[in-house]
Amino acid sequence: MTVTYTSSVSTSSVVSNFLGLLLRWRGSIYKLVWHDLLAFMGLYFLLAVAYRFLMNEHGKKLFENISEYCTRNVGLIPLSFVMGFYVSIVMTRWWAQYSTIPWPDPVAILVSSNLHGYDDRARAMRRTILRYVCLCQVIVFSMISPRVKRRFPNYDQFIEAGFLLENEKTIIENLDGAFPKYPKHWMPIVWAASIVMRARSENKIRDDYAVKTIIDELNKFRGYCGFLLYYDWVSVPMVYTQVVTLAVYSFFLFTILGQQWTQNERSHIGESVVKWFPFLTILQFFFYMGWLKVAEVLINPFGEDDDDFELNWIIDRNITISYFVVDEMHQEHPELVKDQYWDEVFPNELPYKQHQMRSGPPEASTAHIDTESKSKDKKKGSVTTMSIGSEHSNVSTRSNRSRHRRLTPSFVPGPSTSGSFTDSFLLSIGQSRVAFSDTIIGSEQEHLGTESQDTMDFNELIEQRRRERRDRLRHRFMDMRQGTTRHASSGAPYRITVLHPPSDEAVGQEEADGDGSQGTIKGPPSKKPSATEKKPDEEK
């Protein structure tokens, strides 16, 4: 199973929690590279001892020339570029493989909610469908994972675990003998689809759309299982893996020679440290070799490494959850009761155990940015005051219609085709960006008393809006029965209903019925041809 450490680094403290991760062994870089690191250090110190104590002058001269050549040309290997691109491909492939692992939960929920019945046959249908779904997954896992293969080496272990029955084993073995070249992981899905169709014919599934939805989900599950096999069959091209492996090992082979301490004249300040221990060379090997080992671990996440996926746990979990959903929880739910926010409709504020944990809503990125108009007001305050005075003189000479900002009714000659408030009322605001001083506000308040009869009360606007809505709904209802399309002055089409007057007989009958039974809702009077109307045959 992939080593999880997110709980240890949920909060970054003063002493970083990531430093504590360096002390872990399982899934660590130390566990991956320690044997390669020991081999590298052993070979490095072996050459150092041979150069200092075992070689003659001619041998030392030759060794110094080789070391000089390796130091100058080791940079010709583009190790960072090759390793970075390769690890990026492997990491993307690793997460895509995990995302491809199918889960039977959607199939279980669909089967539990659409395959009805509490009898043994309906229960057997639900459980068998999910057993076949899990069987398909186990067959695929046994083909790609060594751990699962050792757990289920043959069909007898499938029967022992409850995924397969004897008669089903016989069918699969017969087809394996007839068609030995192709996998049979899709067969349980075909059986599950047949059971779904049988449940529909027995009316245990009550509509065809539910059948289609379940079968689509079964096909989706089968497709994911097939993709897992494709990932197992088609890996990262072996040529690329060989290039990366050769680049890393050849780079450090030249590093062993090029980073040796020698007595030639190329020695610079600080190279005397290398005489005793190559600190930076060891770190360089640790990082690059660790990078390569990460790619080697993740290239097959269904193996037996520490960071590989635990498929055996997934198998146990899926069969348990599947039976639990389709059997124990079949059409069961808690009692329906009113929630605690029933009267409030929605909560204004949810409780916190610790009040200091409460936080406000996130702010927009432009919440604290000064607008252009505010900056101009700060820079040109005197100019703005002068414009206010001139505006005051203009406002005092305006007419009553344009001096006050008010809501004026604009009635449409027909029912509105939209539900917005602006269909019936337009806002007359006059000139834009008008700045008012205190004297202007006082003059405006004086005019409010003299012109209150010209200003429409807001409650009256609300009532007008309600009347318009009722008229619009009435017109829409009548348009469904009979109507004529007209066009308003703005060009918007609308429909009006032309009601024909009822005949005298219908009016008399309605009055008689109203006197006899008051309070009874009558339907619209039936339309009868009047005496003056002519039938088509009479006109001819």
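Every residue, even glycine, has its Cβ placed from backbone N, Cα and C.
TrEMBL does not curate its annotations; it predicts them automatically.
Some features that TrEMBL has for this protein:
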COMPBIAS  382-399  compositional bias 'Polar residues'
COMPBIAS  530-540  compositional bias 'Basic and acidic residues'
REGION    353-415  region 'Disordered'
REGION    479-540  region 'Disordered'
TRANSMEM  37-54  transmembrane segment
TRANSMEM  74-96  transmembrane segment
TRANSMEM  239-261  transmembrane segment
TRANSMEM  273-291  transmembrane segment
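Across the candidate stretches 37-54, 74-96, 239-261, the maximum count of CB pairs under 8 A to the transmembrane segment (273-291) is reached by 239-261. Residues 60, 63, 252, 256-257, 259-262, 278, 281-282, 285-286, 289 of the same chain lie 6+ residues outside the transmembrane segment (37-54) yet bring a C-beta within less than 8 angstroms of a C-beta in it. Long-range contacts of the transmembrane segment (239-261) within the same chain, counting only residues at least 6 positions beyond its ends with a Cβ under 8 Å from a Cβ of the stretch, are 40, 43-44, 47-48, 51, 63, 66-67, 69-71, 73-74, 77-79, 82-83, 86, 89, 267, 271-272, 274-275, 278, 281, 284-285, 288-289, 292, 295, 299.
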